[in-house]
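Remarks on the structure that follows.
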Amino acid sequence: MRPSVVAIAALCVLGAGAYAYVSGALPVAVSRPIDGALAALNGSGTVPVEAAPKTRAKPRPIPVEVAVAKTATPRTEIQSIGSIQADEAVAVAAEQEGRIVAIDFTEGEAVKAGALLVKLDDSLLAAQVDDLKARLTLAEQNYERANTLSGSGAGTVRARDEARSGLIIAQAAVNLLQSRLDKTSIRAPFDGIMGLRSVSVGAFLKVGDVIASIDKIDQVKVDFSVPEKDLAALSVGLPVEVAVDAYPGRVFTGEIYAIAPQIDVNGRAVRVRGRLPNPDGLLRPGLFARVTVVGEGRDSIVMVPEAAIVPRGVDHLVYRVADGTAAESKVTLGRRADGMVEILSGVAAGDVVVTAGQTRLGKGTPVETVGADGHPIVPTES
């Protein structure tokens, strides 16, 4: 019986409200719930409660790290391997036979051009030169006498000519033996560093016997080969960068000064020679060299960090950020260098690209750009 009482009470209240609503005694704001209540009243005598309207919450932005696509003017490079050579290098050898009486150089030390390196015994040659010089003096006197007599008519022209021939022969003999005497003093042909000697004092040298090497290394050469396909990119004067294992992380610079006129038919490559300043003498002949030929720069290109590239099957994607949302862009890649990759199409210079956090992104995903420390940032092109 209680539900009936409740229903009667509700009808009374609604009736009073309806009267006030019809008569205009209630304001509109109050009357609207009553309208709903009247319409909703059903035969069960109960009044259903209207559900509150639902509102969809906006998705939270996903934090991502970003970078700005930059323009760059890359350089054309040709990589090769080669070896360091001395600017000048010879094996110092004996030109006159004789016994060594003195060695006047220290192995591994620098010498000046013309410095005495080795002295051979010259006593016999010196005596022979003195003998020939005496003969030369006599020939000069004979010629002067014959010339005087010929001029006065007391001598013949033939006698004068024979005396002159004797003088010339005597002078030639002195010059020849003096040259042999001079070669008993073996001297440095140019400024350089002496190598390790292979002779000692007292050794008898024959013509051609090697004493030691001498290398000029205040500047050095680098010999290397370049594939024939890169021949058109080579020219005298192009810069070269050389790295050697002896000095990790250090790069020595120079330039090409000679290109061989022929192609090696076996290796299909052309030999190239560069020259490098070497004032400290750090580069030594024979060092293995990694050579980079630096060509002329190409047109400006667009570069992004490699971390921005997202592989998808055979394609590559980049997420660009604009107006707080991410958008996929299919890109075509070019060369890679130093953690950057060339973008041939799909991204323009100045575009903001995602470099970390791509796995949670889709088309139109709201994003918040943050730095590596997680704090929000405003990306700027640097």
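Positions of Cβ are set from backbone N, Cα and C atoms, glycine also.
In TrEMBL, annotation is done automatically, which means it is predicted and not curated.
Residues annotated as domain 'Multidrug resistance protein MdtA-like barrel-sandwich hybrid' in TrEMBL: 89-209. Annotation comment: TrEMBL describes 222-296 as domain 'CusB-like beta-barrel'. Taken from TrEMBL, the feature domain 'YknX-like C-terminal permuted SH3-like' applies to 303-368.
Along the domain 'CusB-like beta-barrel' (222-296), the predicted structure has mean pLDDT 94. For the domain 'CusB-like beta-barrel' (222-296), the DSSP-based tally of helix, strand and coil residues reads 6 helix, 43 strand, 26 coil.
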